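Q: If you look up TrEMBL, you'll see Ser36, Gly37, Gly38, Ser39, Asp40, Ser41 marked as ATP binding site. The domain 'Lysidine-tRNA(Ile) synthetase C-terminal' annotation in TrEMBL covers 386-448.
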Amino acid sequence: MSINTENINLPKILFDRLVELTGVSAGNPVVLVAVSGGSDSMALLDSANELSGQGRIKLKAAHLIHHPDLREARHRANLVEEYCAQRGIHLSIESLSDNSERELSPEERMRKARYKFLESTAEEQNCDFILTGHHADDQAETVLMRIISGTGIKGLSGIPARRGKVIRPFLILKKEDLTNYVHSKQIPYSQDPTNVKLNRPRNYLRHKLLPSIKDDLNPAIEQALIRLGERATEAYEIIDKLTLQCWDESLVIFQKNKIILDITTILTYFTTIRKYVVIKAVSELLGKDFNVTSDDLDAIARFIDQSKTGKFLELTGDVRLLRDRQSLIISSESSEPFQRELVPGVESEIPEMGARITWGKPIPEQLTSGDGYVADIDLGTECKDLAIRYAREGDRFHPLGASGSKRLFRFLADRRVPRFEKLTTPVIVKDETVIWVIGHRISEAVRVNSLGEHTWRVQIIPD
């Protein structure tokens, strides 16, 4: 919505939005304002400075120089530095390194670098929130950009007013409101000249496409796009709630690098929810939002509906889905080799497994064969080169009680271990001979016949 700029009180709007979006109405939160030097961010910085003067917030600012070799970029940095110095605002400033991911567009590289800089600065400065100057025009452009790119419901939601520490308090205001504010208060600002270059998709949309739609089709196109974003947000909230419900009901196992969901439960939900519960699982494994494509979504839906036991689907980000009877296994394990030496009696951390190994003495009446995460073993008098690692092609194993040895992968196949999990099955080896396939069986070679100095109870404990 737009506000009458003759009566606008931007500091009050900012404070009210902070309370609304954070729930913090007292306690002087420390806020970091992202300042580019343009009119939007300077309006935000000036408003925040007024709140700081009133004792309502503690203010810090951050500026990232995107093109340090350009005179205009240096001018904007000087403008921000001078404004902050005159008002005693603590400013963190940094130049953008050009070592970002080359597969991304220049705009996406800069966006990622900007938020990385803001988040690290907020952490260093002990800031509670990060404020950016996004406004309603940005929201309309974002929704239209995502329509053009073929986004889903979540993408149509546009720019969130809050995501984690990042707060965007001015999404309810038009750019015109902020521009009029800086002009009325004679606040200095400098626009980025690259914002008018039409070879950039957003600039083309802003300066050519939207004005054309406004002139020829819908004079209120921005408001229509914003309303669409709001409706999409409402719809996504329902999807998100049902996704969490499906997640809670279908989750069987949640480990560091593996999640198992019950397919029978998942199939009781609509197709959209099936897709999103898998996306949630992948995001949980990766520890970040999974940037899913439309092709990924379609592949996930087909896989859930049509796959049979033993079939698997490779997703981006080294993530695999496997159908195993009524289970859907989502794994992010990369199978990168590791090997850590072990010393009997000495507890060891195994970060690759997210676990530690402890040693104790067996209980005579409760000897275990290692089919879980506890095993009783006899290492004998010769105990050297003891280590833990993942199973390897070519390993052989003599299971406890068996008449002879076999290929380890054959043993795992007999136990119906999915093929892509074989290379991430942990084993303990002695002189490179497998003596315990963790979670499955110990070797005949370490059978405990009598208790003594060299018998141990080994336990794997998740962190």
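Cβ atoms are placed via backbone N, Cα and C, with glycine included.
Keep in mind that TrEMBL annotations are predicted by a computer and have not been checked by a curator.
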Q: Around the ATP site (Ser36, Gly37, Gly38, Ser39, Asp40, Ser41), what further same-chain residues have their C-beta within 8 angstroms of the site's C-beta centre?
A: Val35, Met42, Ala43, Gly133, Tyr189, Ser190, Gln191
Q: Taking Ser36, Ser39, Ser41 as the binding-site residues to compare, which has the smallest set of other Cβ atoms within 10 Å?
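A: Looking at the binding-site residues Ser36, Ser39, Ser41, the Cβ with the fewest others within 10 Å is that of Ser39.
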Q: Could you check the binding-site residues Gly37, Gly38 and say which one's CB has the most other CB atoms within 10 Å?
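A: When each Cβ's neighbours within 10 Å are tallied, Gly37 tops the list.
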Q: As a quick check of your reading of DSSP, tell me how many residues in the domain 'Lysidine-tRNA(Ile) synthetase C-terminal' (386-448) are helical, how many are strand and how many are coil.
A: 16 helix, 23 strand, 24 coil
Q: Please classify the secondary structure at Asp40 (ATP binding site) using three-state DSSP.
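A: For Asp40 (ATP binding site) - judged by DSSP and reduced to three states - the answer is helix.
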Q: Within the domain 'Lysidine-tRNA(Ile) synthetase C-terminal' (386-448) only, compute the mean pLDDT.
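A: Mean model confidence (pLDDT) across the domain 'Lysidine-tRNA(Ile) synthetase C-terminal' (386-448) is 91.
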Q: With an 8 Å cut-off on Cβ-Cβ distance and a minimum sequence separation of at least 6, pull the same-chain contacts of Asp40 (ATP binding site), or say none.
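A: Correct list: Gly133, His134, His135, Phe170, Lys175, Leu178.
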